[in-house]
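Straight from Swiss-Prot, the features:
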CARBOHYD  Asn20  N-linked glycosylation site
CARBOHYD  Asn49  N-linked glycosylation site
CARBOHYD  Asn61  N-linked glycosylation site
CARBOHYD  Asn122  N-linked glycosylation site
DOMAIN    197-376  domain 'CNNM transmembrane'
CARBOHYD  Asn435  N-linked glycosylation site
CARBOHYD  Asn453  N-linked glycosylation site
DOMAIN    462-530  domain 'CBS 2'
REGION    741-760  region 'Disordered'
COMPBIAS  743-755  compositional bias 'Low complexity'
CARBOHYD  Asn745  N-linked glycosylation site
CARBOHYD  Asn752  N-linked glycosylation site
Amino acid sequence: MSASCLRLLTLSLFILGQCNVTAAQNGVDDEVTTVTAILDSATTAAADNSTVPTQSASNNNTSQSSKIPTIFGMRVELPADDPFGYDKHGVCSVTPEEEFKVVIYGNHLDKIHQIIWTFTNNCSEPAYVIDALNHFKVHFNHKATFHLTLKLLPEMVHAYKMCVKPKVAPGSPPLGEIYPLDDISTWLTTERPPKEYFLPLPLQIACIGFLLCLSALFSGLTLGLMSLTPQELELVIKSGAIKEQKCAAKILPVRKKGNLLLCSLLLGNVIVNSAISILMGELTTGIYALIGSTMGIVIFGEILPQSICVKKGLEVGAHTISITQLFIFLTFPIAWPVSKLLDCLLGDEYQAYDRKRLMELIKMSITDNGQVSNELKIAVGAMEIADKVVKDVMTKIEDVFMLPDTTVLNAKTVMEIVKMGYTRIPVYQYGDKNNVTDMLFVKDLALLDPDDNFTVKTVCGYHKHPVKFVMNDTPLPNLLEAFKKGEGHLAMVKRLINTDDKHDPSYVLVGVVTLEDIVEEILQAEINDEFDIVSDNVNKVKIKKEQNRDATKYFGDHEAPQTMISMQLQMVALQWLVSNERGFRQEFLDTNVLERLIRSSARRVDVSALMAMGDDAINVPRLAKVYTKDELSDKYILILEGRIQVTIGASGMMFEAGPWHHFGGEIMAKLVDGAATLGRSMSIVGTSELSARRPDLMFKPDYSAVVKEDCTYLEISVSAYINAYKASLMQRERPLNDLSDVSHNSSAHNSNLSLVEKPGPITDPSAMLVPENVRKPSVVSMDSPKILVGLGQHPVAPVAEEEEMALLDQP
């Protein structure tokens, strides 16, 4: 072969790369890995191997010399799972007792007779002999392959060396002695070279463990921190435990930069995982490296840390916030531009919960937290009313107790009304229940004499309680706002039945709705008291308890309630009030009405039945407190029996007030001065509602009054006085013909009137018509005349004292 061809072949082999690992090509099996050994110099190889035998080329003719086989290089192909290397001298190392493939390159390889492997310098001492006839495969005269299996080299032996024995043509002289090739690239050894690592083995193992910890940290923080939204962290800071607040405060500044934090954590996680794979591949190869790195990263770097950070993300994030900030700083040049791009594309990550989502979130929390389930139900109820309308909570009209305006309020009728247990009763005209015109409050009947036979129309005409109407599709929040503004706490519900544009709209009453119905929807529970007949207006679930509404003791003429004061004491109290307070005289209150007011306003406090009271006013039982310093009050107090202790001034001076001492004269003065404003238009619903509307009729005492011993006294509230005043007006202004007509027709009318029409409940029952026998007590006792006059005490008239003594002397 020409020198140019030789150089071309040598250059081609050099391009393959000296001792590089490549896949087998040109028919070589895919499972093998190629090791290429190239001669250091093609020219040197040609010179060294141009003549394999020891005879000189001058002893042969030119034709014979050109046919001598020449070896340029050798390549060893091993299985992929069989690693190989080179020892410190550059000799290729193979695994002993395992077959491998050898590829040799050169010229005139078809002229090779045998290839001999020896571990000495003498080719006549072969260790292995490869016969070209049986084991040799030549490709185009410049490439040949064969398979070889080597035993472990003996000790003190360095390598197997190759000897090439050429073929001898017939008639040619025999070859002389052959020697091993001196090129170490054609040598083989079975000694395994020591494995080289990037770092010392112990340090590399420690680095892998450290990187696994970082991988676990980044993976856990990516899930743990990113699952904590800034809103949740702010919520924890404001309402969480002290430890949680501290953790959230550390995380929040970093978490607000969400995309920057995400990019830094992901970038750090990728870098660490890549480093783990590289270092793990240095420790082992093949399937073992794959399994080791995968198991380490997946189990210790992903599954375990993420499962922990899902539940403990707040604590883990707070304790590792320094490491997180460090990696944000290290990855800032790359992470910051990416995070800004994400901010522009995706926008802010703040997400506000709408009402429905928040409501469903609370509902899910109810089943998980039994301790606060009631509070959560109330919250859900308050949010759900926005989706409800009046017809969802109203009491149907067929279950409403109503009265015609012609009903005569005699004793029997009043007792039946009280037995029904309703405090606000719709009143209709002309026998048409759709024509509700007024509202009768049972409290308006408290001071009426049943023998006067007033009609419902007359009573309603004086009080004129407004009647509120709402549509059945009115949202509950709108109705609640109306109730909050003081527009009553009960409304009649109507429904539009005529939708024709050509005619005026017409309506029909379909029910009644009260503030209690809305409160029940908010509380998600029924509110029952002693006057409820059903516990659910919609489903009509009846209450099984038996009601006791005996009203005869309040309206009977022969038997007074046990808590009422004696007749003699009533007469003396009436005379004292008329003599000493202008507001109780005939020009304001009728005598019969005043008598009923005294009977209904009598209170008795039995101190022996109360708890032992200390000197501290805070420990005084509620029933024993009459007045509290600097607290608004609407009560006028007159002591009949017993004593009340009064504490006055900044020094806490205490005095005792005895019988016929009174308190609250300021209220009576205001009522007398404002009698003209207590007309028909004022609707007296109750003490609390009146106080909210007319604070000008209240006073603020600069003293405290407490009952310290058994005491009987009159407690007349502003609302009770105004009711008595209106009752007196009705008796004075009632036309005579109305009295005669009512007296003439009362028996017939009552026989035909059925007050109880199987009524269902109106959902706002209130207290009994007459106050309880034992109510809030009062207290005072004084010896200083100046103090008594200052508190409004008046001496009892001598005539009153004589009459009282005379009455007491009677059997």
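The chain as shown is numbered from 1 upward.
Cβ atoms here come from the backbone N, Cα and C positions, even for glycine.
Shown on the structure are the features that Swiss-Prot records.
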residue : record                      : DSSP (3 states)
Asn122  : N-linked glycosylation site : coil
Asn435  : N-linked glycosylation site : coil
Asn453  : N-linked glycosylation site : coil
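Across the range of the domain 'CBS 2' (462-530), the DSSP-based residue counts are 20 helix, 19 strand, 30 coil. Cα of Asn435 (N-linked glycosylation site) to Cα of Asn122 (N-linked glycosylation site): a span of 134 Å. The glycosylation sites considered are Asn122, Asn453; of these, Asn122 has the fewest other C-beta atoms within 10 angstroms of its C-beta.
Of all the Cβ atoms in the protein chains shown, 12 others lie within 10 Å of the Cβ of Asn435 (N-linked glycosylation site).
Of the recorded residues, Asn122 (N-linked glycosylation site) and Asn453 (N-linked glycosylation site) place their C-alpha atoms 149 Å from one another.
Model confidence over the domain 'CBS 2' (462-530) stands at 85, taken as the mean pLDDT rounded to a whole number.
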